[in-house]
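What follows is a single structure, written as structure tokens, with notes after it.
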Amino acid sequence: MAQINPSILSADFARLADEAKAVEGADWLHVDVMDNHFVPNLTLGVPIVEALGRATDIPLDCHLMIEDPDRWAPQYAEAGAGSVTFHAEAAAAPVRLAREIRAQGARASMALKPATPVEPFEDLLPELDMLLVMTVEPGFGGQAFLDIMLPKIRRTRELISKHGLELWLQVDGGVSESTIERCAEAGADVFVAGSAVYGAADPAAAVASLRAKAEAAAAGAARACGH
Ligand code: DX5
Ligand code: ZN
């Protein structure tokens, strides 16, 4: 089952509660936290996550593009995020951090920037509920999808199968009507979409249409593999 997570980075920050309502049917709301250090952009923090959590029934998927997530990430779980993603490049002790996030009752997730390979993290995967393969350099919405990430998505899916894990595989960056099928065929099952959803005339319809495309592509890929 494909999950579609609209990114509020492309929403109107002055009307976040309404923007959450506009994507009824979305699986999660993707919340991009940026600190102006890990990435050259600054967005929002714990108080807004708390407020947004009170304003919507859609669970929050917090993507932390911040330095020192070991120190800050557990607060997002405490603030009510259902899923907390930290970056592998920024975490000093990813296993301890993932365990802390899970202990707070949230799903623990780790993100990889485009130049970070998945292979060194193979043994850590059982500690995670989701792995995020970035398909743009993190920092901004509306960037072009990096096709060169498709082999990494494929290799990650193979590692998940090899170990028989329940891990979700998320892609984020440039995911749209024209790229989502390639991501699903490669093995992604959770899709973040910012501009493709909030740039659409009807954001809720865009969510449904992206999900239908991803599911059709995943079914096609499974048939081709003889599953
Ligand atoms: C980028 C963020 C993304 C961003 C995606 O660093 O992590 O979540 O909102 O936006 P689109 O879908 O427009 O590429
Ligand atoms: Zn993101």
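Cβ atoms are placed via backbone N, Cα and C, with glycine included.
Per TrEMBL, the feature active site, proton acceptor maps to D32. In sequence order, S7, I8, L9, T43, H63, M65, G141 are the residues of the chain that are 6 or more apart from D32 (active site, proton acceptor) and have a CB within less than 8 Å of its CB.
The C-beta environment of D172 (active site, proton donor), restricted to residues of the same chain at least 6 apart in sequence and closer than 8 Å, consists of S7, H30, H63, A111, L132, V133, M134, T135, V136, P138, V192. The active site, proton donor annotation in TrEMBL covers D172.
Among the features that TrEMBL reports, substrate binding site is placed at S7, H63, G139, F140, G141, G142, D172, G173, G174, G194, S195.
D172 (active site, proton donor) carries a strand DSSP state (E or B). The feature divalent metal cation binding site is assigned by TrEMBL to H30, D32, H63, D172.
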- [ ] Restricting to the same chain and to sequence separations of six or more, state which residues have a Cβ under 8 Å from that of G174 (substrate binding site).
- [x] T135, V136, Q143, A144, F145, L146
Task: Cβ-centroid neighbourhood (8 Å) of the divalent metal cation site, H30, D32, H63, D172 excluded - done: N5, S7, L9, V31, D61, C62, T85, L132, V192, G194
